[in-house]
Amino acid sequence: MERDNKSTDVTMEFLLLGFSELLCLRVLLFLIFLLVHLVTLAGNVMIFMAVVMEPSRPPMLFFLCQLSVIELCYTLVVVPKALLSLVVVDGSTISFIGCAAQMHLFVALGGAECFLLVAMSYDRYVAICQPLRYAAVMSEGLCLRLVVGCCLGGFAVALGLTAAVFRLPFCRSHRINHFFCDVPAVLHLACTRRYTPELPLLAACVLLLLLPFLLILTSYVCIAAALLHATSTAGRAKAFSTCVSHLAVTVLHYGCATFVYVRPKSSYSPAQDKMVSLVYTNITPLLYPLIYSLRNKEIRAVLRKMLRRK
């Protein structure tokens, strides 16, 4: 397990400590995580199946279907390894390649979700600010291109970040104090005190967090301006209600990601990171289908149709 600070041995392994310090709560945490994971999978699969079975899919339903697919993959990349770390007493091992693959998939899916939230905010902007042109602008072809662009963008940024992280020398202990190969946890093992290794993470944060957030903010500023000039109070309330679920998901997603990734390595806190990671890898994927199914009339109508067919 020892390495010099210039070599890169792809056969080495990392040890994911997970929640090894919580021995007395291991069984309880396992049961809670497993239950949350199963409910999350069931909720996202139900939304996905309901939208796929709907013959006429408006753009928002199409985007929600893609969001459910991303959340399904997102949880499957992280949660099974976290559950395994609760079963194994001294933590679970993961290979160098496996750790890199997990980090890449995790960042790629999270980045694709960031870009998809931008596409969804643009859909709301066109629906509220340009309602007469909505059907022409948000065509099926444009929606498909936006989804493909979101996935490719997330994949490209994640590939660059993962390659930059795993080119670093890891001459400290290879014990990762986390339940998956998260970027700050792996960066903490790098045997360099310079801030150069953090530059790829900073660039990824700008591309995946700052720019998408500014675009979403711009869309909602335009929406707010349009709603202020609306004469009908009922129409204004209806337009605002269509944005509430998207706003809630955006705040949850960007809030957790900003707390974990937008800070220097010197302020890294394993305990805090693990708690926040629990939220955005277990709780938020569970909340997303609940938020959309409760707040979105189209989703509720599609789910009712699917249940009637059953």
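Sequential numbering from 1, following the chain as shown.
Any Cβ shown, glycine's included, is placed from N, Cα and C.
Sequence annotations record features per position, and here TrEMBL assigns transmembrane segment to 27-53 (among others).
Here TrEMBL flags 43-292 as domain 'G-protein coupled receptors family 1 profile'. In the predicted model, the domain 'G-protein coupled receptors family 1 profile' (43-292) has a mean pLDDT of 84.
What TrEMBL lists as transmembrane segment is 60-83 (among others). Residues of the same chain lying 6 or more positions beyond the ends of the transmembrane segment (60-83) and with a Cβ under 8 Å from any Cβ of it are 16, 18, 30, 33-34, 37, 40-41, 44-45, 47-48, 51-52, 54, 92, 94, 102, 105-106, 109-110, 112-113, 116, 119-120, 123-124, 127, 140, 143, 147, 150, 179-180, 281-282, 285, 288-289, 292, 296, 298-299, 302.
According to TrEMBL, the transmembrane segment annotation covers 103-122 (among others).
Same-chain residues lying 6 or more positions outside the transmembrane segment (142-166) and placing a CB less than 8 Å from one of its CB atoms are 8, 59, 62-63, 66, 96, 99-100, 103-116, 118-119, 122, 183, 186-187, 197, 200-201, 203-204, 207-208. Among the features that TrEMBL reports, transmembrane segment is placed at 142-166 (among others).
Here the transmembrane segment (201-228) has Cβ contacts under 8 Å with residues 107, 110-111, 114-115, 117-118, 121-122, 124-125, 128-129, 153-154, 157-158, 160-161, 165, 183-184, 187, 236, 239-240, 243, 247, 250, 254, 257-258, 261-262 of the same chain, all six or more residues outside its ends. The transmembrane segment annotation in TrEMBL covers 201-228 (among others).
The annotation transmembrane segment is assigned in TrEMBL to 240-263 (among others).
Per TrEMBL, transmembrane segment is recorded for 275-294 (among others).
Non-local neighbours of the transmembrane segment (27-53) in the same chain are 19, 61-62, 64-65, 68-69, 71-72, 75, 79, 82-83, 86-87, 282-283, 285-286, 288-290, 292-293, 299, 302-303, 305-306, 309; each lies 6+ residues outside the stretch with a CB under 8 Å from one of its CB atoms.
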